[in-house]
Amino acid sequence: MDKLIITGGNRLDGEIRISGAKNSALPILAATLLADTPVTVCNLPHLHDITTMIELFGRMGVQPIIDEKLNVEVDASSIKTLVAPYELVKTMRASILVLGPMLARFGEAEVALPGGCAIGSRPVDLHIRGLEAMGAQIEVEGGYIKAKAPAGGLRGGHFFFDTVSVTGTENLMMAAALANGRTVLQNAAREPEVVDLANCLNAMGANVQGAGSDTIVIEGVKRLGGARYDVLPDRIETGTYLVAAAATGGRVKLKDTDPTILEAVLQKLEEAGAHISTGSNWIELDMKGNRPKAVNVRTAPYPAFPTDMQAQFISMNAVAEGTGAVIETVFENRFMHVYEMNRMGAQILVEGNTAIVTGVPKLKGAPVMATDLRASASLVIAGLVAEGDTLIDRIYHIDRGYECIEEKLQLLGAKIRRVPG
């Protein structure tokens with residue numbers, strides 16, 4: 001397994017471009033299964049999860065065409081099997097997103113129960129109950145979700161989400177696009193990635209209204225056609241590099257991003273002492289060489305502070321002036337990185353769903369192990385602000401969510417390199 005070696009102590013300084021959002025790209029790729037003519041998806045990040053989704057299509061008989069810019073053209077009319085097998089689904093939770101489109105377009109689907117990050121119990125029952133509300137017959141047996149649409153196809157329905165679910169909202173929105181009649185999703189996720197999927201569906205000929213609010217109304221249509229669509233920028237990658245710059249007292253300019261979908265994070269960085277300026281597609285952060293001030297953070301669904309940025313802020317707080325509390329309300333079991341950071345000299349106390357971080361002037365490099373995607377990003381930031389060398393093991397977690405992380409950090413002046421396992 002590859003490892004990252006980071007020699008800390010350098011302030012980040014420079015410009016990089018932000019990749020397309022994985023959490024937008026995966027549902028949009030799944031949505032291409034709904035169309036009866038080819039769909040081209042652009043601005044895809046070069047990530048393992050994207051490769052896995054493309055491989056999953058290949059297993060199903062759909063052979064995407066990939067150009068030199070990694071734009072992917074999908075023609076789902078060649079589909080041969082409606083099974084998403086366990087050996088692929090187990091590596092990536094987002095495979096569940098093919099369930100709604102396959103069921104709506106082809107009338108049946110068989111999808112293995114998903115794997116993915118080891119954070120908390122992320123149930124798929126909302127997906128199942130929502131599709132049942134649209135008339136689907138679903139059984140879970142042998143580790144597979146086996147779904148059949150009624151004769152004549154899925155029917156529009158009303159569904160209320162007991163808890164806000166991003167992938168649940170996306171799956172039902174895609175299924176409803178080809179259902180008969182109107183579907184109303186209440187307590188729907190409001191994330192920018194949900195809005196991006198709705199925009200893509202509408203570009204394909206769907207009628208989706210209200211995405212970005214907690215009530216989404218979908219009028220089913222008879223068919224969806226081809227489109228060319230650009231995936232939105234990755235707000236979590238953007239936030240991660242901003243926090244890395246803030247923690248090191250540096251200055252960065254991030255291009256091809258969108259400041260309007262990151263307001264909660266930018267506000268907290270300003271509170272930490274960062275000078276931030278923005279344009280329509282760029283963000284600049286300058287700490288002017290200063291140490292950050294500790295901030296309090298409480299995660300919640302969008303538009304509040306994102307759970308996927310919590311670990312990075314713990315790293316910044318670890319070397320900040322003062323004490324900051326980070327409260328995690330979205331997932332349980334999401335402080336696994338804290339114990340690794342304490343081995344580097346951080347002073348972090350976990351009490352239930354709260355991490356209390358007392359800043360220290362410097363962390364010390366140490367061998368550490370990544371446990372999930374965002375936790376691994378926090379260890380990279382910790383390595384950047386530590387004295388000496390930090391060796392991060394199990395970086396396949398990082399590669400699931402960050403495109404060329406060591407190359408981008410090198411462009412910003414970090415001493416970081418990948419060593420083959």
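The backbone N, Cα and C atoms fix where each Cβ goes, glycine too.
Residues or ranges marked as active site, proton donor by Swiss-Prot: C117. Annotation source Swiss-Prot lists phosphoenolpyruvate binding site at K22, N23, citing a large-scale study or a structure entry. The annotation UDP-N-acetyl-alpha-D-glucosamine binding site is assigned in Swiss-Prot to R93, R122, P123, V124, D125, L126, S165, V166, T167, D308, V330. Annotation source Swiss-Prot lists 2-(S-cysteinyl)pyruvic acid O-phosphothioketal at C117.
The structure, with features from Swiss-Prot marked on it.
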| residue | record | DSSP class |
| --- | --- | --- |
| K22 | phosphoenolpyruvate binding site | helix |
| R93 | UDP-N-acetyl-alpha-D-glucosamine binding site | helix |
| P123 | UDP-N-acetyl-alpha-D-glucosamine binding site | coil |
| S165 | UDP-N-acetyl-alpha-D-glucosamine binding site | coil |
| V330 | UDP-N-acetyl-alpha-D-glucosamine binding site | coil |
Original post:
Here are some binding-site residues: K22, R93. Which one has the most Cβ atoms within 10 Å of its Cβ?
Top reply: K22
Subject >> Cβ contacts of S165 (UDP-N-acetyl-alpha-D-glucosamine binding site) (under 8 Å, same chain, 6 or more positions away) >> reply: L126, H127, A189
Subject >> Distance [Cα-Cα, Å, rounded] between R93 (UDP-N-acetyl-alpha-D-glucosamine binding site) and K22 (phosphoenolpyruvate binding site) >> reply: 12
**OP:** Ten-angstrom check, please: count other Cβ atoms within 10 Å of the Cβ of N23 (phosphoenolpyruvate binding site), all chains counted.
**Re:** 24
**OP:** Compute the C-alpha separation of K22 (phosphoenolpyruvate binding site) from T167 (UDP-N-acetyl-alpha-D-glucosamine binding site), stating it in Å without decimals.
**Re:** 13
**OP:** Round to the nearest Å and give the CA-to-CA distance linking P123 (UDP-N-acetyl-alpha-D-glucosamine binding site) with N23 (phosphoenolpyruvate binding site).
**Re:** 18
**OP:** Sort out the sequence-distant neighbours of T167 (UDP-N-acetyl-alpha-D-glucosamine binding site) for me: same chain, 6+ apart, CB within less than 8 Å of its CB, listed by position.
**Re:** P27, R93, A94, I96, L97, H127
**OP:** Determine the Cβ neighbour count for V330 (UDP-N-acetyl-alpha-D-glucosamine binding site): the number of other Cβ atoms within 10 Å of its Cβ.
**Re:** 19
